[in-house]
Amino acid sequence: MRKPSSSLLPSVMRRCFAKGLMALPAAILLSSIGMSASAANVNTTGLAVTDETVTIGILHSLTGTMAISETGAQEAEKLAISQINATGGILGRQIKIIQEDGASDWPTFAEKSRKLLVQDKVAAVFGAWTSASRKAVLPVFEKENGLLYYPTFYEGLEQSKNVIYTGQEATQQILAGLDWVAKEKEAKTFYLIGSDYIWPRTAMKIARKHIENVLGGKVVGEDYKPLGNTQFGSVINKIRLKKPDVIYAAVVGGSNVAWFKQLKAAGITSKKQTLLTISVTEDEVLGIGGENLEGFYSIMKYFQSQDNPNNKAFVAAFKEMWGEDSVMGDVTQAAYLGPWLWKAAVERAGSFDIDKVVAESEKGDIELTTAPEGYVKLHKNHHLWSKARVGEWSKDGQATVVYTSELIEPNPFPAGYQ
Amino acid sequence: MDAYTSSELISIFAMQGFSGISLFSVLLLMALGLAIIFGQMGVINMAHGEFMTVGAYTTYFMATLTETYFPAFMPYYFVFAIVVAFIVAGILGYLAEFALIRHLYKRPLDTLLATWGLSLIMQQSFRSLFGAREVSPTLPEWLLGSYQPTETIYIPINGMFVLGLTAVVTLGVYYLMFKSRWGLRVRATTQNRVMSGAVGINTKKVDRYTFALGCGIAGIAGAAFTTIASTGPTTGTLYIVDTFMVVVFGGAASLFGTIASAFSIAQAQSILEFFISGSMAKVYTLLALVVILMFKPEGLFASKVRR
């Protein structure tokens, strides 16, 4: 116990000097009077922690294109926090939220995260959604030694001391999905299609390697459409020409709606064609319409329809807080896990200090048995052990889980896929 | 690769042809309203996409209303929704002209900035009113699915619907502009504002109604696009670039130019997309456009007007 605190002291001093002498007298004053002994114990690095409260940040896009997707995530985080507060908070402290708007703009994300860490001194940040926004805030979190809980399933190939990834990385989603479809549907030929930006392109690169090297299948076509594109006629005809066993799709945002509507209108339905997507959750289905997706598959780790007591409680609480019409998608659920994982790590560390919380998280044995998806465990590598699930969409916009994998170990750097 | 029967190839060819025509009708419908506003009035309306979104949200609102209160009316509501979308977007356009645009006619660059601001205001209002999530109206059954002339050819019905609607709107605009007294006044004002005023045309009124008409047509386009894509607060920004591209390439003040430009862009894009990937097809199309505009800066068909 003595060792870490003594090694921390110089760094605190250095930071105080670096920021000017303003903070220094206050620090001396506090320690000399010896007030708030408890706050000093649980917080040796000057985070926004008092005897009654601890402040955290929520950083999602409330405006701009991504607001559509990120709304659910920030709602889930607020739900988790209000539940934690209702049951006594963390280390006896109520959680206070400072919310910032990333505005779907990556430099804004970086700027706001700096504000949250430097000015507000928040103990943790729950936020970011796209890979682009995560990449933008990453250097800030590493420099200021902040702690980010990132909720989205993503392409992997990343692991930072300052980030806990509560969504699934590539192998837990992309590879699991391909394995399932190859086995279950005896698929040999694949048509890959996605929106044109980092996540679909990386995901498809990994998928192609897996199809060609592991499954012995063939990629008969690969296509990327600009974000926001609404015309898929030509691609659909190409697909018809190539006759793939499986369409493997990662189309995002508004394009998704046009893509599925046009597939249906072109007579490509689940009766004749297997389609597996890695980008459709209950959130997207709201816009796409269940009737356009009927019989197609999504590979995720969570579906709202999952039948377990944790999930029933989660769905009920979410609807009570955010309205009867709200739906919960994969990322919403992953976002909900963030505050709970943080609570678990903080309580074990007995401190809000980032380094201590990270050290606890890295022990690799923090479990959540109350997770709506069932059970998750935090791995040493900052990702979650979780199960992959294939959902078959039905008309009402909900999915039936047709396949659940074993608990998959997260492996953000799979050999042979880089 | 598998062998193809000739009938399969023919049907793919036919469907590819239709997807080109379908894209053409979408582009044309988007551009018509702007062609009137930009072409006749010289106003660069950056909020054009948002007027489309107004139409789309109106349709969504009508669909929800019908579904809740008159479910029996569902198969027919869409036609009314289009009319209502036209009226709502038109009224909003009228108000925007009255409150904002008319003060800036002599300062084209300021209109650009002002309408861009207007577009941001409208986006945020959509977000506050309808939420950040994208929505889709429940479409009547007859708009879904596809028409199958043969076993292997699928022609999407919503595509045909948009095509038909585009034809009707284009003919309507043509009639209004070139056959009606009102169109005569608009064209006169475009050609010589001072002289038109001198012969007793209320040019201010003409401006206001022209702008409202352009916005109303944008509303129709927005309503029609709910059959293709979903609607969100920022949907308009997706359309605005294509819209300007069509109008500028066609030559500002020419209805025929707009049609020709929409047709050539759509065909180039859809044929290229079939052979190369979607993003590159767009790159080549835009590249071709830039080169052509370098040699013909006034666009495909420039009408000769005195200002």
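For all residues, glycine too, the Cβ spot is worked out from N, Cα and C.
The transmembrane segment annotation in TrEMBL covers B:12-39, B:51-70, B:76-100, B:153-177, B:211-232, B:238-262, B:274-295.
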Please check if the transmembrane segment (B:153-177) comes into contact with the transmembrane segment (B:238-262), where contact means 3 or more CB pairs closer than 8 Å and the residues in each pair are separated by 6 or more positions. yes
Do any residues of this chain, six or more beyond the ends of the transmembrane segment (B:12-39), have a C-beta under 8 angstroms from a C-beta of it, and if so which? 45, 48, 51-52, 153-156, 159, 162-163, 165-167, 169-170, 173, 177, 210-211, 213-218, 220-221, 224-225, 228, 239, 242-244, 246-247, 250, 252-255, 258-259, 261-263, 265-267, 269-271, 274
Hey, which bits of the same chain come close to the transmembrane segment (B:76-100), Cβ under 8 Å, at least six residues off its ends? 47, 51-52, 54-56, 58-59, 62-63, 66, 70, 114-115, 118, 137, 139-140, 143, 165, 207-209, 211-220, 222-224
